[in-house]
Ligand code: SF4
Ligand SMILES: [Zn+2]
Ligand SMILES: [Zn+2]
């Protein structure tokens with residue numbers, strides 16, 4: 001953990017209280033994370049647990065920002081509703097009268113988990129951006145929840161030179177401030193605490209003429225100061241993460257962490273859709289209809305290419321195969337489907353049985369290491385392995401298609417120009433899942449009754465679509481595979497296996513002509529899509 | 001100002017060579033752009049100059065170590081136009097720009113061009129200006145100068161006539177020179193009331209009720225309304241000229257309202273009385289829409305109309321980044337022969353672009369002066385008339401109408417110098433206690 005530099009272990013008092021005053025009103029939760037944590041020896045298991053919990057919190061913020069407007073009452077309500085109580089006390093605001101050591105412990109976990117995720121998400125640009133956005137939202141949310149007292153304390157500790165305008169100065173210019181400070185419609189309360197900042201610190205508000213400006217100073221009410229500080233946090237975090245990713249790139253140590261971090265970074269904390277939980281009545285025969293009705297764009301794209309070209313390259317076979325498994329296509333049906341299509345491409349029965357068949361069965365955990373692989377989440381699809389050239393059809397169309405290809409495709413699927421523009425705009429701005437969610441909304445408009453959650457997983461897309469279009473066809477099925485367990489348990493319970501985690505994720509860039517892969521190669525290739533090793537005999541049950 | 005020496009383009013190369021030897025204020029110029037750095041600091045050398053030669057041949061990325069070198073360079077090339085670029089991170093030389101060398105510092109600059117007002121001008125179009133439209137520039141100076149000084153607190157501002165149809169503004173405070181692009185962007189936005197239309201739509205002014213109350217906007221609007229009434233309605237008879245009336249009415253947008261107003265106004269004579277009538281009618285119209293969902297679209301339409309007619313229009317591309325070139329003060333406009341002289345913003349009303357001396361005129365004024373004041377001895381006509389140590393002769397620019405412009409420039413440079421001294425003194429105080437720590 002040397003990447004953050006070392007920190008002194010803080011004393012209890014320093015850790016809790018900001019300044020000299022030791023009153024409860026001065027206890028603040030918001031944190032600028034200026035100092036790296038004091039890392040005691042933490043186990044890999046803790047490492048993952050902390051990370052997953054914070055990830056869950058960040059997901060809630062992401063979802064809230066997606067469904068509502070940041071800062072609106074609905075936004076606040078949604079976050080409060082979604083955050084489980086303990087997390088709320090830990091990440092937003094402790095209950096009044098919370099014991100000192102609880103506060104101390106909460107803060108420790110807050111700092112630790114933040115720095116763990118910083119490390120986890122500093123490995124590619126897309127992930128960095130995602131992480132920074134959610135952390136800034138969390139930061140802003142917490143800061144705006146602080147009281148006048150605790151905010152002052154927070155500023156003092158973080159060395160921010162913000163002091164409210166002295167009363168007399170405030171009284172003198174109050175009439176101007178009232179006229180020249182912007183209120184959103186519906187905000188009635190008049191600000192009473194103003195801070196005088198160099199205009200360079202308040203550019204976003206200067207630009208919109210939302211604050212009074214005089215002699216190079218912007219007069220910013222506390223409500224808007226939150227934005228200023230949040231912007232500073234964004235800049236600071238961006239710089240720190242850029243620095244960090246350089247260090248991580250250069251340092252070779254702690255390779256045991258790499259696979260765990262890679263997994264966390266694309267971590268999808270919802271369901272894993274490894275297959276079989278629900279029965280949608282899928283058969284190879286109704287696939288075409290389901291594809292038009294309910295496949296997300298990524299799956300539909302691969303499906304249509306399979307029908308048209310009678311072939312799919314390796315990455316697409318993996319992504320599409322796992323997707324099909326996730327929606328409940330049986331292993332035998334899958335083999336049948338691919339055999340039928342690929343034979344039209346000139347692949348002989350023998351060739352198929354020697355290579356492709358094995359791949360499919362491997363995905364279902366029937367052969368080889370007998371692992372039940374989970375289909376990849378959107379984040380994973382979006383942030384790893386972009387399709388290489390026009391023959392590769394895996395990936396996410398919102399991310400990997402050119403603007404014109406996306407437009408053409410949406411047009412073919414019958415979207416009116418207005419909807420198309422909305423989707424294209426989101427995709428252009430880098431909100432790929434947002435674009436996908438909009439697409440879902442537009443194509444299910446007639447059935448929709450509530451706002452949809454952001455699409456996080458192609459199989460989630462499918463499930464929600466089926467529930468809307470044909471709710472009766474969705475039936476529960478007794479679970480065949482056990483649910484997800486943290487990967488680190490596997491290390492503990494299967495010591496012989498830990499070898500696997502001490503290697504960097506395999507490079508699979510040159511693995512297309514693969515139907516003669518050895519067992520070991522196959523497992524390498526699959527590891528990226530791994531969920532868990534399930535030692536129970538259940539994984540052998542035929543679907 | 002006499003017009004006895006009209007500008008003669010054919011003479012330009014020859015006249016320029018005299019101008020660059022005897023008039024161009026090198027010393028002040030260097031004092032300005034060196035910004036108080038020591039001569040050994042090579043700061044001046046990091047600045048890009050661009051020379052435009054005959055037939056639009058551009059020499060970009062010129063740089064000069066010293067004032068002497070600059071003098072030599074200018075006199076040697078005798079450029080038809082001199083542009084000033086940014087300060088780079090390292091010295092650039094003639095060659096194509098090395099990608100590792102980047103702009104690091106640049107005055108905040110504004111470029112206001114009369115051509116941007118073409119859609120609302122009644123008198124001229126494109127590069128032409130006259131005494132009727134020039135007050136638009138005067139208004140721009142007043143509005144922007146107030147914002148820069150009162151709101152942003154800038155102190156070192158140089159306004160310059162561009163030589164033909166516009167004005168330039170150089171903000172040279174240290175803070176302004178070090179602004180990053182987003183900050184420049186924010187300042188422009190703060191100043192902007194007329195937004196470029198979305199996708200092919202025309203530009204529009206949109207004012208909310210909050211805008212109207214917002215101090216900076218309300219101060220600008222005060223100037224705008226005065227200008228509109230005095231300059232357009234009264235002096236130019238806006239409401240009585242068919243062209244003007246059409247433009248005004250078109251901005252009301254609602255066809256029914258336009259027809260009604262037109263019918264009510266046409267029988268009235270007198271531009272101002274027509275304007276009063278229109279104001280009343282639009283007032284009623286706005287009141288009738290007050291309850292509507294989209295009342296914001298109409299509620300400030302009268303002010304929006306006036307803003308469209310005269311609020312400053314900036315060429316934002318110039319101000320955005322650090323590396324845009326801008327014509328140097330005291331360059332000569334190659335098409336008009338007029339010198340790009342500074343304008344005193346406090347007396348912007350008095351500035352008359354047609355009184356700005358042309359290069360031909362300067363030469364004539366000088367020889368007139370010399371004839372009237374025959375030299376006692378034969379000094380001061382050599383290469384460096386301003387630096388002869390014994391018995392300094394009166395510099396040539398003082399003999400001409402360039403004097404006024406140079407005085408404004410000198411005041412600007414002096415003020416900068418006072419600020420440097422103050423800053424240095426402050427820095428010394430600040431650093432002292434730190435020094436004793438070690
Ligand atoms: S956002 Fe997810 S579900 Fe939608 S197309 Fe992309 S990868 Fe598929
Ligand atoms: Zn210009
Ligand atoms: Zn004119």
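Just so it is clear, glycine is given a Cβ too, placed from its N, Cα and C backbone atoms.
Note that TrEMBL annotation is computational and uncurated.
Note that this is a predicted model, so its numbers are computed, not measured.
A:378 is the only one of A:331, A:378 that TrEMBL places in the [4Fe-4S] cluster site (with A:298, A:396, A:436). Residue A:378 ([4Fe-4S] cluster binding site) has a Cβ environment of 25 other Cβ atoms inside 10 Å. When pLDDT is averaged over the domain 'DNA primase large subunit C-terminal' (A:288-462), the result is 88. The [4Fe-4S] cluster site is set by A:298, A:378, A:396, A:436; from the centre of their CB atoms, other residues of the chain with a CB within 8 Å are A:296, A:297, A:381, A:382, A:397, A:398, A:399, A:432, A:433, A:455, A:458, A:461. Summarising the environment of residue A:298 ([4Fe-4S] cluster binding site), the number of other Cβ atoms within 10 Å of its Cβ, over all protein chains shown, is 27.
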